[in-house]
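Asks: Take a look at this one; I'll ask things after.
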Amino acid sequence: MLLKKHAGKGGGREPRSEDPTPAEQHCARTMPPCAVLAALLSVVAVVSCLYLGVKTNDLQARIAALESAKGAPSIHLLPDTLDHLKTMVQEKVERLLAQKSYEHMAKIRIAREAPSECNCPAGPPGKRGKRGRRGESGPPGQPGPQGPPGPKGDKGEQGDQGPRMVFPKINHGFLSADQQLIKRRLIKGDQGQAGPPGPPGPPGPRGPPGDTGKDGPRGMPGVPGEPGKPGEQGLMGPLGPPGQKGSIGAPGIPGMNGQKGEPGLPGAVGQNGIPGPKGEPGEQGEKGDAGENGPKGDTGEKGDPGSSAAGIKGEPGESGRPGQKGEPGLPGLPGLPGIKGEPGFIGPQGEPGLPGLPGTKGERGEAGPPGRGERGEPGAPGPKGKQGESGTRGPKGSKGDRGEKGDSGAQGPRGPPGQKGDQGATEIIDYNGNLHEALQRITTLTVTGPPGPPGPQGLQGPKGEQGSPGIPGMDGEQGLKGSKGDMGDPGMTGEKGGIGLPGLPGANGMKGEKGDSGMPGPQGPSIIGPPGPPGPHGPPGPMGPHGLPGPKGTDGPMGPHGPAGPKGERGEKGAMGEPGPRGPYGLPGKDGEPGLDGFPGPRGEKGDLGEKGEKGFRGVKGEKGEPGQPGLDGLDAPCQLGPDGLPMPGCWQK
């Protein structure tokens, strides 16, 4: 395929006359897959390198941020730093000891010399008191004055229709005009009934005020209104007494195993862990073969002058490899005569020779220093001596360090009940609008009186457990050397001791005068003295041949533990612990004494307007009004119309 492509691209070139070999054909067939695989591998390698580089940079940045946030760089403890740290620790320990001793020291209270009366200035006004209880209803008041007259009552309803006329209908045509008198007498009868009421007259003058009517019957109670909106949150009330301990509830039913939750989000990066303990030293490796001697290096340039301060001591270097065993050297030249040796050690004592002739008595030599013999055996104890007189009392010793506070002892028995206190002031304070004076009077009433006499001593509680031993204190300064004590009385003479061991030989005495020559004694055996000390070492011989590596040595014993390091600085405050279990309920407290009656509170604000009540019952009918003005004459008065709009029946017949 590749050959065909090249041939196609060449265009004008002539095709190869020779056929490709089988190796070339195989290469041509396998080249594209190999190239693709190599390209993929190279791309994967580049991507992995980039990914690892990014991750490494990210990790280094996080470590640097954590170190800077923690602010705990490595500290190399130098001698100056150790001394400074030691002084700081000592000062801190002394401060803690002084604080503890001051807290546990008995404190003396001095009696007050202030008078029993209160001379304190008035304090600031307190908070607004709670609303007082509702007072009892007062007695009924006196009857009030007569009220003004009420308004005019409503117009009354129309009266019932009156009866018709009872007179028959008469024809008056038979009477002549001359007989008017007779006509009048015949026609006029008795006074008729009152006609229908006339039209309403003009309004009359205002009448005198009427009496106040009686109160109507009490109306029915109104429908309860809608519940009001919840008010603002009030102040927190006083803490109630602790309730009694509830009974132990029944054990709950064990819950079912919950389903596995979704995996949580990755947590925040944790802090650097505490460095692990130092690992144990590994086994000593086998010795390697000695390398060949390298060529000698060039002479180095002269170094800069170093500082005069002593450098840090380097770690001991590794032991060098053993040199090759040298070949035996040629015999050396005879050495120079050695230095005269020191006199040899004294040889063993020879056998005693034959006794010589007695010499003349020499002069007495000076006494040598007394030799210190070995300690003799202890003698038998002497008889018990009489008891000596009691010595004078020594000075009072310094106060020892106070031990730690022991565990609290068991609660003692309850003491007898105290006497009943005096009754508090119960007078009611009327402040009359002056709040400052009322507060001053309350302060005067509630001032604490002088302290009463101390109560009887309670029963002695049981002895507490022995406290743990206190921390050993710092070594005190060395005291002055005391004066030499008086010499004690000589003891009883002990029994004579046994014969002591022979003492050391005394010092050589002065050389005596030469005695007379004695008779020649027999020749004693000749004793050869010990050999003299070895001569000085000769020069080192040439290096021997390289020896075989020795066997692996056994591990050396573990070195001793180093001294304890100085106390570290106080660590940072740890995280907040989880809340502990709920403690048992406390016993109910005693009922408190009733407080003083508070002064009346201020007048409350005006309440909201109530809802409109239901319509009351109809009132009593009012009194009859004054008579109206007389109406018009009956003949001239127009007929009153009925409900149908026509004149009333009988009116038009007049």
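Glycine residues also receive a Cβ, built from the backbone N, Cα and C atoms like all the rest.
So Swiss-Prot has the following annotated:
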COMPBIAS  140-151  compositional bias 'Pro residues'
COMPBIAS  196-208  compositional bias 'Pro residues'
COMPBIAS  230-245  compositional bias 'Low complexity'
COMPBIAS  280-290  compositional bias 'Basic and acidic residues'
COMPBIAS  336-358  compositional bias 'Low complexity'
COMPBIAS  361-377  compositional bias 'Basic and acidic residues'
COMPBIAS  398-407  compositional bias 'Basic and acidic residues'
COMPBIAS  457-466  compositional bias 'Low complexity'
COMPBIAS  494-503  compositional bias 'Gly residues'
COMPBIAS  517-527  compositional bias 'Low complexity'
COMPBIAS  528-543  compositional bias 'Pro residues'
COMPBIAS  603-626  compositional bias 'Basic and acidic residues'
DOMAIN    121-164  domain 'Collagen-like 1'
DOMAIN    192-247  domain 'Collagen-like 2'
DOMAIN    249-308  domain 'Collagen-like 3'
DOMAIN    311-370  domain 'Collagen-like 4'
DOMAIN    372-425  domain 'Collagen-like 5'
DOMAIN    447-505  domain 'Collagen-like 6'
DOMAIN    571-630  domain 'Collagen-like 7'
MOD_RES   Glu113  pyrrolidone carboxylic acid (Glu)
REGION    1-26  region 'Disordered'
REGION    116-168  region 'Disordered'
REGION    189-426  region 'Disordered'
REGION    445-654  region 'Disordered'
TOPO_DOM  55-654  topological domain 'Extracellular'
TRANSMEM  34-54  transmembrane segment
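If you look at the structure here, what lies around each of the features I listed?
Replies: Residue counts for the compositional bias 'Pro residues' (528-543) under DSSP, split into helix (H, G, I), strand (E, B) and coil, are 0 helix, 0 strand, 16 coil.
Secondary structure of the domain 'Collagen-like 1' (121-164), assigned with DSSP and counted as helix (H, G, I), strand (E, B) and coil, comes to 0 helix, 0 strand, 44 coil.
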Asks: Are there residues at least 6 beyond the ends of the transmembrane segment (34-54) whose Cβ is under 8 Å from a Cβ of it, and what are they?
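Replies: Contacts with the transmembrane segment (34-54): none.
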Asks: What does the DSSP secondary structure composition of the domain 'Collagen-like 7' (571-630) look like, as residue counts for helix, strand and coil?
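Replies: Its residues fall into 0 helix, 0 strand, 60 coil.
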